[in-house]
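Novice: Annotations per Swiss-Prot:
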type: BINDING; residues: Thr65, Pro66, Leu67, Gly68, Glu69, Gly70, Lys71, Thr72; note: ATP binding site
Amino acid sequence: MQSDIEICRNTPLSSIDVIAEKAGLLPEEFDTHGKYKAKVHPKCLARLNDNQNGKLVLVTAITPTPLGEGKTVTTIGLAQGLAKLKQSVMACIRQPSMGPVFGIKGGAAGGGYSQVAPMEELNLHLTGDIHAVTAAHNLASAALDARLFHEQREGYDAFEARTGLKALKIDVESITWKRVMDHNDRALRMVKIGLNEHGKTINGFERNEGFDISAASELMAIIALAKNLKDLRQRIGKIVVAYDLDGQPITTEDLQVAGAMAVTLKEAIAPTLMQTLEGVPTLIHAGPFANIAHGNSSIIADEIALKLSRYTVTEAGFGSDMGFEKACNIKAAAANKAPDCVVIVATLRGLKANSGHYDLRPGMAIPDSIFSPDQAALVAGFENLKWHIKNVHKYGIPAVVAINQFPQDCEQELTALQDLIHAFDPNVKVAISTAFAQGGEGTRDLAQYVVDACEKTTNFRPLYQKHQSLQEKLMSVCEAGYGATNVEMSELATKQLAHFEKLGFNELAVCIAKTPLSVTTDSSVKGAPVGFTVPIRELRLCAGAGFVYALSGSVMTMPGLPDKPAFMNLDLDEDGNIIGLS
């Protein structure tokens, strides 16, 4: 079989003008970026306001292996399958970060015959939104350090007298705003800045600093959750970057940098329109990771797609304990729209990996032995799929299971898995998906089951309500969302929680950063564990995004590269074509 990039290059594509017209957009509602990309103006929603909303289909998964189980392939394949059924459909996915593209997972355009194209344009830079996020974020960092420098160098009274500005009196030890970059670089997790020659302060004042990956920036979450430019601007102004000497928050508005940050992000609030290999219009917008952020594409992209099509197919990062939980408890609340149907992607290899019979860790190749028939491992790993089915039903949303088939899969085991699902819950429809090998043709059954599920009545139930305390919200996600029996707050996290509640941030949502490789915070614990504790080591306030960010276990907000990163496979041929991207 051809590689993903070869399939993409050998498939004729329509110009983006044709795709935009197919989606129902007017020429003045988008700006082309080359032949196959366009920025869609959010203002088109004013014209579409009276259109009835379509159905929102959210794709999630079992607890994945480090290489993923094919959510994006299934998302794109399902959208193409719905088109095969003559349904009006659009897909919405996140913009890939170059961190994973050059790191372990590679690209995020789908694969095989279920891709967004051109895949190299999607995976590398796209229309520059992540670079804009990085620039706007680091502008706030520069503004903060500049203000700190001038106030401390001159003294507060002299600074106020000279500038006419009120001294912010920044507590250096309280600075929470790290810098960001769109690469995996563990060496930047902890750094010192403001270093000078002896006796000089020309470079600023020395302090500890660190970098997060751009996908973890609060600005990325804000772009994904903002409804329009006005909302974007207001949210940016609420970002807390530090505290003053009295413990009061200092915001980007206080630094008078929020307006410039919004200017930097003016174009980034517009989703990018592309197409699948079968010509399904696809909106790509925002790229928050689900393990260290809220893991869903933007509300604006969803709203445009829901107004233009009968079905909008989107995905949430990692398993249903990760991006799906945050879609239900953060995104749905901000958008006032919950999914009408959820597709849970499962694979034979993923379930066997959850059996505890295999040791799969990031950077390791998937062993061929995992594809050999192993009924005991399949049955043991099935507990994980049961967990995710029950988890989706907990929110009152109909679920459909898609078994993403690999070429090496054993037919007997595929049948056995379907039997296990039917025996567990006869009301849950299950379809074999061959989206990778066959595109939309390989998801016809899945697409029909999704159409049927979308006609069912939903009884959406988030895990917590806005009025509950932050402590109650954290407990709800850990206990009801993960199945933990206890939440263990560090001394630091306990102090931070009390501080946030004292400052009046009690009504914010909670976003827990944890490993995606287990329902627990320990990546080595597989299956459907019970009776575990969730350790919360630190809280971060994301007042602009609208949530408190809890770091659990040993999760890092700046990933590192493996010993054999994906960038080793990338190069250019003599004609300038990219090779080795997958």
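Glycine residues also receive a Cβ, built from the backbone N, Cα and C atoms like all the rest.
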Novice: Select one residue from Pro66, Gly68, Gly70: among these binding-site residues, choose the one with the most other Cβ atoms within 10 Å of its Cβ.
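Specialist: Selected residue: Gly70.
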Novice: Which state, by DSSP, holds Gly68 (ATP binding site): helix, strand or coil?
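Specialist: The residue in question, Gly68 (ATP binding site), is coil (DSSP, three-state).
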Novice: Starting from each candidate's C-beta and looking 10 angstroms out, tell me which of the binding-site residues Thr65, Thr72 has the most other C-beta atoms.
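Specialist: Sorting the candidates by Cβ neighbours within 10 Å, the top entry is Thr72.
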